[in-house]
């Protein structure tokens, strides 16, 4: 093939390197198009066009970003590496002019014309060769970066074309200068260009040497740390009027960013020292990479940037009310907190910790607080975190070291005063790598977090402007950490609250997400109420939202399958067509008064429920047994109730010997569900008295309260959930401990209006409300045992013989 024949071949763009003919060079290739170009070349004639990029930092270059002249190279060896990159060994052959360059889907391809080398006058070539070698030798004495053995290798090259290309390849000059040498097909012109370039570089090196000496003499010992900066200034002063560089070097760029970052004086001194180290290092050294990464992190961390905080409490209340239905006490406490912060213009104060079951809006409440105050929002999930370095970071001496997640999040959000949500703070763990909860102590203590020290940064960072809010599902938080936070409890939503949330927010949200138009789907309140009661059992509304989403999906399918159907209405009658059979049944009050059967009230993580307690008495020897997956505390409560009954047996008219002649069995149905706690004490005691007196218990009465050995009714927890369960189950009268009257303020008005709530102090008051009649004892009939026939003595043969 003639050298001037046009041909098409794949193109490999190069960054920071120019490959000359006669050069053998390894290349590391990682870009997909470049790898495709190599594969195409390997499948053809193993030749590829190597072209340098005009800008080395371009990841995806266009045809305009490549030079017009490249080098045709043979692929000697190609090796695929484990990280999906490719190492290829190439040998330059000859120059080529790009006539047209196409950016294909797989790779670049170019239509090229090989460039024929010309030599010029032979005598002038000899003179130029001698001058170039002489100047190169002089250049080596000034620039110690070029190995001296290259001169010996160049002197052994007879071919002037190869000599010029080899010398150009080894000169430490810019890519632009090397590309200019590559584009010169005439050898004489190329040698003259190299000669001029080396003379210019030698002049600069001479000036640099002279300046360095002069600056060194002028500096005192106290100024030695600034030696390199003075050197650069002197060089620029000497070069005034010359050709300016197109770009500022990397160190100077970092220096400008450090100045703009607004760091405190001590932090800036630390970073300046690191910059000085970086200037004296080779850019390719591993330590330079570590220092560069450290400085970039220090620049990214916000030192003075702040977002403007809103102080309009009325507007904040509107935002909270719009985003969350109910939660009045929680929102009131948050507004109090924001009001104090607005008045003091500081964030210092208690760290809020929102504690409640899943799905009640803890995380979204944190987002709403950020919206209400105008702060940027950043969230850090602590679930499963067990390494202290996740909070404090790794020391930068470790390979791959990074700041802790706290500093990383601050760098990402870009301001000093965001709302920082520590999500699932109770899910942290600890192991041999440290205890992240202990690391958080410094973060959450207002007296200490002004000087938070990340192991990677190695300087103090002020976190006092950050508004921290934590969330947790339980109080299972280390004591010292809990002591630094103010707990705000979010109980489960009431039935009315769930209904309102579904009708106002969830339904519209799911209709939009599932592509339904306005009017195509109507879900009545009765259907939502049935979903809450029979298809979900939760404290929050996540399950409720999933069920509504299921209805929307089925509605979309039905509308597409039946084009004549224009709209769908879902109510309690046809709900099972969309959600299937009912999954749950909530407790309902019995309609008949029964002996030994009492309705108690239970608290669960998903709300309250009715708890039926059954008692039976049979002839026996005074054995007390209990079944129904009862916990230790509940078993002890039964024993306490039995002692109360025995102590009051005479007063209640119960045969004092019942505990010797009767077996008592207490059973709590739904035996597969574990039950525990002391709050069923008065219910257990009432059931025992009803059983032993034959006096029925009113079916419309439910009760909750712990019993003491002296018959006093002690306070309990979860009153709100228990009263909601009683209201839902059709109970008319509820007995609660007198000490829990203060908790009635939290109960919705509609619930209190529909329940007759009586506060009781003793078991006597409980019996007055719960029993159908005043308690009277039962005379247990003594069962006479039939006389047994005398046992006949059996004698052995030997005994008979004796007698």
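We number each residue from 1, going along the chain as drawn.
Quick reminder: no glycine exception, Cβ is built from N, Cα and C everywhere.
Residues or ranges marked as active site by Swiss-Prot on the basis of sequence analysis: 679 (among others). The DSSP secondary structure for residue 679 (active site) is coil.
Neighbour density for residue 722 (active site): within 10 A of its CB lie 27 other CB atoms from the protein chains shown. Per Swiss-Prot, the feature active site maps to 722 (among others); the stated evidence is sequence analysis.
For residue 359 (ATP binding site), other Cβ atoms within 10 Å of its Cβ number 18. In the three-state DSSP scheme, residue 359 (ATP binding site) is classed as coil. Residues annotated as ATP binding site in Swiss-Prot, with sequence analysis given as evidence: 356, 357, 358, 359, 360, 361, 362, 363.
Across the domain 'Lon N-terminal' (9-202), the prediction's mean pLDDT works out to 89. Annotated domain 'Lon N-terminal' per Swiss-Prot: 9-202, in sequence order, evidence recorded as sequence analysis.
The domain 'Lon proteolytic' annotation in Swiss-Prot covers 592-773.
Between residue 356 (ATP binding site) and residue 679 (active site), the C-alpha separation comes to 21 Å. In sequence order, 354, 471, 473, 490, 539, 540 are the same-chain residues whose CB sits within 8 A of the CB centroid of 356, 357, 358, 359, 360, 361, 362, 363, the residues recorded for ATP being left out.
Counting every protein chain shown, the Cβ of residue 357 (ATP binding site) has 19 other Cβ atoms within 10 Å.
A simple way to gauge crowding: the CB of residue 356 (ATP binding site) has 24 other CB atoms within 10 angstroms, across all the protein chains here. Secondary structure at residue 722 (active site), taken from DSSP and collapsed to helix, strand or coil, is helix. Fewest other C-beta atoms within 10 angstroms, among the binding-site residues 358, 361, are seen around 358.
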